[in-house]
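A.B. asks: This is the structure I have questions about; it appears just below.
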Amino acid sequence: METLENLINWAEAKGVVLNGIRPERIAGRGTGVIATHTVTAGDTVLSVPTPVLRSLHTVPKAISKSLPRDITLHGLLAADLALDQSSVYDVWNAALPTKADFEAGVPILWPEELQAMLPQRAADLLRKQQTKFQRDWDMVVAAYPEVEREHYLYNWLLVNTRTFYYTTPALEKRAREDRMALQPVADLLNHADQGCNVSFSTDGFAITANREYHAGEEIHISYGAHSNDFLFVEYGFVLDDNRWDEVCLDEVILPRLTKKQKVELEEVGFLGQYMLDAETAGCHRTQVALRLLCCTPGQFNSFVNAEDDGEASQAKVDALLEELLLKLTSSINQTLDRIGGSHVGDASQRELLSTRWTQMKNMISFTFILPLFPRLLEFYRNIEAPAESTPGASPTVLSRILGYLNAYKAAFARPIDTRYDIVLLGGALGSMFSLLQAFASPVIGHLSDRHGRRTALLASMAGNILSVLLWVMAVDFRTFLLSRVVGGLSEGNIQLTTAMATDISDEANRSATMAMIGACFSIAFTIGPALGAWLSSFATIAANPFATAAGFSLFLIVTETIYLYFYLPETLPSKRASDTGNGKAKTTRSVPVPRTNSHFLLNAIHLSFLLFFSGMEFSLPFMTYDLFQYTSANNGRLLGFVGIVSAVLQGGVTRRLSPLLNVKIGVVSCLIAFIMLGFLNNVYLLYVAAAFLATTSATVVTHLNALSSFEASEDERGGKLGMLRSWGQLGRGLGPVLFTSVYWWAGRGAAYGMGAVGIACVSLAVFLGLKSPPGSEKGSKQAAEKKAA
């Protein structure tokens, strides 16, 4: 720390101004700059006057005249640093990285065997860097033969990693990448894909905050929109989350091309540099090359000439891309094995190399398997767009809905990116589905009490079959919308499964049974979206590329229905639902159950809880994008984490606890999560909050159902559970609209603050208003006794 304090004192004496920041050692990141108090957006946190800069004007004339006129400024500044024998910059030099620091991360200093294991894109960048250095070195060593190569390379890397873009009239004649200056203190700021604004004038450099920073938070600048391969080679590090990262596919695409095809691609300017990023399944260059490999000449030419959007051939292209990505993944695994078995270089070098390869592997895995629902809606929007542009054409159902959503967006002062249009559309359809469920659930529940669970479930399955069949045939959005309406009105699987679980479980094991059902749902909701996205890559019907996924869903539902028809027994007690011989159930009523908790209170808690919880769920992708520039892949990982943790808790923990204790744990966990989401500022805290959300998902809804089942007699359980679900679905339908409105109107803090207050009220109702029904504690006590034994 003394070195940094000396640097600050030296810099301030020369006119450098630090405002609310200080350099500090950061674990695992070397030196960085943190805020000493709250910094608001627009604050100038650092000013560096021109006289302190080291650039062309500070290079001694003796050095500049001794070297060729065409040497780069990069090479010239490195020569100045290498030849400097004065003590003028000793304090600054003491705070610079050491040669050992560079050796740990910069591949140009690595053994050739490790360099040979770099990703192709990084290897290409390294070759360019080596060529650039060699040219500068040849010029310097010719003029100063006494300078050692390693010493010059070290100083060359200092210039390479610590300069800022800077230009003056004297520098205008140089290439843009060769206009630079070294500046003290500012060179301690670490890189992020988004950071503070850096500007310069004749007076010097000014760095202004791009957003609010809290005391102790690290302040970053952005070196530019660079992939991790570029950062790896040029600076010696990679970012864990980099919105600009990409994977080069040249090594799996170029070998598939014939010489003739390579010539053809070169003629149209599309040979090489095939990239896969975190948002798209291959850049436009990649899409062009893949079409040359798998499409007809006519389809290829139409796509290249922008005469066709390529939608008709997209399925073939996606299938080929999947094949190539699997091949690349296999190659990455082999490389990781080689690195793991190698003893060349330092452990830190091998670890960084493995990290980069693992990042690429993860990007391939999470980029290719995209969520199905947004892609499906985007497909309908794209196919209906041409019809909308036809003169005199009447607006489609989809265009009307999007118009309403755009009007909703326009009501907010804060601009909402158009990338969210599809997300909003998906949210609107989700709300519609929930509201339809709010209407249908009590009806389905009462039907199961009157005619039996088995009959009601088979009727619900018939509605599901019709819904998915409509999806298979949905070549336009109107048909797809109809399939969602039918599904919303007929979906009864969850509530009927819950009712059956209460029928076949006694009071002692009710909580464990409900927890196991919840675990099954968590696993299904974690795996299902990824499976649907994967199946959607196989197109069997050109007019509906998602027919394969829909067809597989239809197959599963039909198979399930057949199995249920032949093997599912009636679970409603025989005194209420045994067959009388004429197809009707007996009307004998069961013994009334003494009430501990009112159904109104349980329903109100369910509605209030889901009102805020579902709003938070819907707003989470907006928040992660705003804070961390999260992609769909990042959010997929986050939600997958929630699903897995929830399933583990339900399978091993919550089933041992009483229903009321589970609900109490869940609402408190939810309150903690809301508070954290309102203030967190790093990914680690995000995942801690996600763990609390997983606890909430594993407990509240499942065990509110259990509590409700204890308050209902056998002949009314279906109706009561249906009413509970109805109230909950009403909250789920309204929550996203309420929550996102506050989020866009007043910001994240207000939205999650409102949510925290709402969940706090729900918690009070749970702790003060709910009691454990007789018998509900038996299961947890038996589990505890069994464990103790």
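Heads up, the Cβ atoms here are built off N, Cα and C, so glycines get one too.
Note that the coordinates shown come from a computational prediction; the quantities given were computed from them, not determined experimentally.
As annotated in TrEMBL:
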type     : residues : note
DOMAIN   : 19-224   : domain 'SET'
DOMAIN   : 367-773  : domain 'Major facilitator superfamily (MFS) profile'
TRANSMEM : 422-444  : transmembrane segment
TRANSMEM : 456-475  : transmembrane segment
TRANSMEM : 514-534  : transmembrane segment
TRANSMEM : 546-568  : transmembrane segment
TRANSMEM : 599-616  : transmembrane segment
TRANSMEM : 636-653  : transmembrane segment
TRANSMEM : 660-680  : transmembrane segment
TRANSMEM : 686-706  : transmembrane segment
TRANSMEM : 752-770  : transmembrane segment
A.B. asks: Are there residues at least six beyond either end of the transmembrane segment (686-706) with Cβ under 8 Å to its Cβ atoms? List them, or say none.
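C.D. replies: Same-chain contacts beyond the ends: 498, 502, 510-511, 514-515, 517-519, 522, 602, 605-606, 609-610, 613, 616, 624, 627-628, 638, 641-647, 649-650, 653-654, 659-660, 662-663, 665-667, 669-670, 672-673, 676-677, 680, 721, 724, 728, 776.
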A.B. asks: Quickly jot the same-chain residues contacting the transmembrane segment (456-475) by Cβ under 8 Å, restricted to those at least six beyond its ends, or write none.
C.D. replies: 444, 447-448, 482-484, 486-487, 489-493, 496-497, 500, 543-544, 546-547, 550-551, 553-554, 557-558, 560-561, 564-565, 568, 718
A.B. asks: Per-residue pLDDT averaged over the domain 'SET' (19-224) comes to what?
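C.D. replies: Averaged over the domain 'SET' (19-224), the predicted model reaches a pLDDT of 90.
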A.B. asks: Any chance you could find the range in 546-568, 636-653, 752-770 with the most Cβ pairs under 8 Å to the transmembrane segment (599-616)?
C.D. replies: 752-770
